[in-house]
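Undergrad: Attaching a single structure in structure tokens format; questions to follow.
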């Protein structure tokens, strides 16, 4: 069969007229004579807008004029997102779990080097075709089925948006206390667990971010570009400040891990390392999926590859090292380790406390918008493109973040790592496995963009759902459910076997491996579209 409006391959700008006809079937098997054939040609936007529910201007492929991001924009984006309070406290959670400072820093670096690989792989499609994650998922999950991974990723991002907004509210709360010269207290509100002043500060920071929701992606890009150098400078200033005040870097750097002979957790390093590594991978697992939301604006593949490689693993490792060094110095200064930078800022004197808190506020806004707003805004838009714009998707994200009461996710280190970080990585790993196998092995990086926006196109499968992707996703998640239930509700599920507990510690790796293998096997030999040049 032949469709008139056809896809673009090679770039979002169009298809080369020299493209030769190709017949192939899934996962590298011989060509299928039943493969549907398409002709090259431009997307008719008016037809798309009038005839289906899969298109809006925010989800449309980016034009050449919109592709303005160079490698340094991506590097700045990542530096801006990396330099955040949750990332700063990652090494703290590992040291509290028994690791030495050096083990914690290396674990953080290794995890980010690992998660960079699927990030670059999935980001390739965004740059090549100019499409966001929610549209890319249609190729593997189906035009209707893609709403499932979009919703999964969106809900996780809402949780992170709420967590960062809570941190921002806490900074305002601390700043007000510094300005008034007295802590702002009050009884905790029933059912919430925070006082009225904390709630109002949280809502104030939540409201501040609305300006960027209204003004869109370009405003976010400018914010990240301008604030990234400032954040690097502040890190060096903070390092100098603690060294000067403490007369050195304190005792934590020389403190051995608890896994050494005679330590509190002697011989338990690997049972702690693997779940910790999984949790650290999970920290950026959301961005590994929706990175096309950013790479679709790249000038070239080189720009997104170089920019992300420079901007993620090394800065994350350096931030972990900075956090350990600064916290070690606080042992000398204050008699105890202070991992929370907001708490540390509140202990400074004079103008320093005000400057530090304002900088942290700017930092949190830039991180939250880039890492936790852009993706879910596109994802919610993809659920009902004719009714939900990118901006409306941003409003939905902000509203759900409020309802999730993010401060409750941060009540304990165990809950943060084993329930939140590992828990959602168990959902996102299987999605990444399906996307990567579909794009590289089944499609061979060839997508037919116009068909991604057609309800009756090749990516509609059976009723809009590709059951191979759904089955692969479910099988990737299933082995991790018992371990998650035990971690999240230990009193209700105490009898979970050690086998399932161990599997859960590798949740992201288990999920991505199982879904990739299952999806590849189920798609093997299935016909995929064929591209022929238009006469």
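Including glycine, each Cβ sits where the backbone N, Cα and C put it.
When I checked TrEMBL for this same protein, it listed these features:
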REGION    1-43  region 'Disordered'
TRANSMEM  71-95  transmembrane segment
TRANSMEM  101-122  transmembrane segment
TRANSMEM  154-176  transmembrane segment
TRANSMEM  196-214  transmembrane segment
TRANSMEM  226-243  transmembrane segment
TRANSMEM  273-291  transmembrane segment
TRANSMEM  312-339  transmembrane segment
TRANSMEM  351-371  transmembrane segment
TRANSMEM  392-410  transmembrane segment
TRANSMEM  416-442  transmembrane segment
TRANSMEM  463-483  transmembrane segment
TRANSMEM  503-522  transmembrane segment
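How buried are these features, and what lies next to them?
TA: Non-local neighbours of the transmembrane segment (71-95) in the same chain are 101, 103-105, 107-108, 160, 163-164, 167, 221, 223-225, 227-229, 231-232, 235, 252, 276, 279-280, 283, 287, 294-295, 298, 302-304, 306-308, 310-312, 315-316, 319-324, 327, 337, 339-342, 360, 363-364, 366-367, 370-371, 413, 416-417; each lies 6+ residues outside the stretch with a CB under 8 Å from one of its CB atoms.
Sequence-distant contacts of the transmembrane segment (154-176) (same chain, six or more residues past either end, CB-CB distance under 8 Å): 84-86, 184, 197-198, 201-206, 208-209, 286, 290, 342-343, 345-346, 354, 357-358, 360-361, 364-365, 367-368, 371-373, 375-376, 379-380, 397-398, 400-402, 404-407, 409-410, 420, 424, 427-428.
Same-chain residues lying 6 or more positions outside the transmembrane segment (196-214) and placing a CB less than 8 Å from one of its CB atoms are 165-166, 168-173, 176, 184-186, 189, 220, 223, 361, 364-365, 368-369, 373, 377, 391, 394-395, 398, 401-402.
Through the fold, the transmembrane segment (226-243) approaches residues 75-77, 79-80, 83, 249, 318-319, 322, 325-326, 329-330, 333, 359, 362-363, 366 of its own chain, all at least 6 residues removed from its boundaries and within a Cβ separation under 8 Å.
Residues of the same chain lying 6 or more positions beyond the ends of the transmembrane segment (351-371) and with a Cβ under 8 Å from any Cβ of it are 77, 80-81, 83-85, 157, 160-161, 164-165, 167-168, 171-172, 174-175, 178-179, 205, 208-209, 212, 220, 223-224, 227, 230-231, 234, 286-287, 341-342, 345.
If one looks beyond the transmembrane segment (416-442) by at least 6 residues along the same chain, the residues whose Cβ comes under 8 Å of a Cβ in the stretch are 26-28, 93, 97, 118, 121-122, 124-125, 136-137, 139-141, 149, 152-153, 156, 159, 275-276, 278-283, 285-286, 288-289, 409-410, 469, 472-473, 475-477, 480-481, 484, 487-488, 504-505, 507-516, 519-520, 523, 526, 528.
Long-range contacts of the transmembrane segment (463-483) within the same chain, counting only residues at least 6 positions beyond its ends with a Cβ under 8 Å from a Cβ of the stretch, are 140-145, 148-149, 426-427, 429-431, 433-434, 438, 455, 493, 496-497, 500-505, 507, 510-516, 518-519, 522-523, 526.
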Undergrad: Let me spell it out: take the transmembrane segment (312-339), skip the flanking residues so only those 6+ beyond its ends count, and list any with a Cβ under 8 Å from a Cβ in it.
TA: 78-79, 82-83, 87-92, 95, 101, 104-106, 108-109, 112-113, 115-116, 119, 235, 238-239, 242-243, 245-253, 284, 347
Undergrad: Considering only Cβ pairs under 8 Å, which range in 101-122, 392-410, 503-522 makes the most contacts with the transmembrane segment (273-291)?
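TA: Going through each listed stretch, the top one turns out to be 101-122.
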Undergrad: I need to check the long-range neighbours of the transmembrane segment (503-522): which residues 6 or more away from its ends have a CB within less than 8 Å of a CB in the stretch?
TA: 27, 118, 140, 271, 274-275, 278, 281-282, 285, 422-423, 425-434, 436-438, 441-442, 468-469, 471-473, 475-477, 479-480, 482-484, 486-487
Undergrad: Residues sitting near the transmembrane segment (101-122): Cβ under 8 Å, six or more positions beyond its termini, same chain?
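TA: Residues 90-91, 94-95, 133, 136, 252-253, 255, 257, 269, 273, 276-277, 280-281, 283-285, 287-289, 291-292, 304-305, 308-309, 312-314, 316-317, 320-321, 324, 328, 432, 435-436, 439-440, 512 contact the transmembrane segment (101-122) from elsewhere in the chain.
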